[in-house]
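TrEMBL annotations:
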| type | residues | note |
| --- | --- | --- |
| DOMAIN | 33-186 | domain 'Yip1' |
| TRANSMEM | 48-65 | transmembrane segment |
| TRANSMEM | 77-98 | transmembrane segment |
| TRANSMEM | 104-131 | transmembrane segment |
| TRANSMEM | 138-160 | transmembrane segment |
| TRANSMEM | 172-191 | transmembrane segment |
Amino acid sequence: MAKAAESSGEPGTTSPRPLMRDLKAVGKKFMHVLYPRKSNTLLRDWDLWGPLILCVTLALMLQRSSVDSEKDGGPQFAEVFVIVWFGAVTITLNSKLLGGNISFFQSLCVLGYCILPLTVAMLVCRLVLLAEQGPINFMVRLFVVIVMFTWSIVASTAFLADSQPPNRKALAIYPVFLFYFVISWMILTFTPQ
């Protein structure tokens, strides 16, 4: 009887179904960012799990390991976390003040999920940094960061542009450009200890 209740998903039982459902939803949203097209799915079914996972992953990859407690000049976990979330909140408030018809959490969801290309760029840059430093190394990292920066802008614009009045789209997209530029700059200037 316990197995029947467990597999049925009744309240009070443990079932992996809600977790799998959420992971599938996050995966579908990642696919929307990887293949940006005008779709309301990311806006309609918003969540903050994917952005949280991406933000934590990016902050951990940008974290520099230092043996002692001295400041090593690189961004710390909390700094990256605050920059990402404060930037997303600022852009969302700007969008609302410009008359956008998108909710606060929908905007946070889109901006957070569109960090995926930059997180991939950080992963590639970390792998490239395993090789010896030099001008070729920097050019490869620069190319990867520029491509992923552009991808983030295109993906977020595909979702956010239609939520703004036509005469204010540039005013809404410019802060998005700056937001992803700052994150891209942190990725490009990252050097391990």
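Any Cβ shown, glycine's included, is placed from N, Cα and C.
The list of residues near the transmembrane segment (77-98) in space but at least 6 beyond its ends in sequence, with Cβ under 8 angstroms from a Cβ of it, reads 51, 55-56, 58-60, 62-63, 104, 107-108, 111-112, 115, 160, 163-165, 168, 171-172, 175-176, 179, 182-183, 186. Outside the transmembrane segment (104-131), and at least 6 residues removed from its termini, the chain residues within Cβ reach (under 8 Å) are 29-30, 32-34, 42-43, 46-48, 50-52, 54-55, 57-58, 61-62, 84, 87-89, 91-92, 95-96, 137, 140-141, 144-145, 147-149, 151-152, 155-156, 159-160, 163, 176, 179-180, 183-184, 187-188, 190-192.
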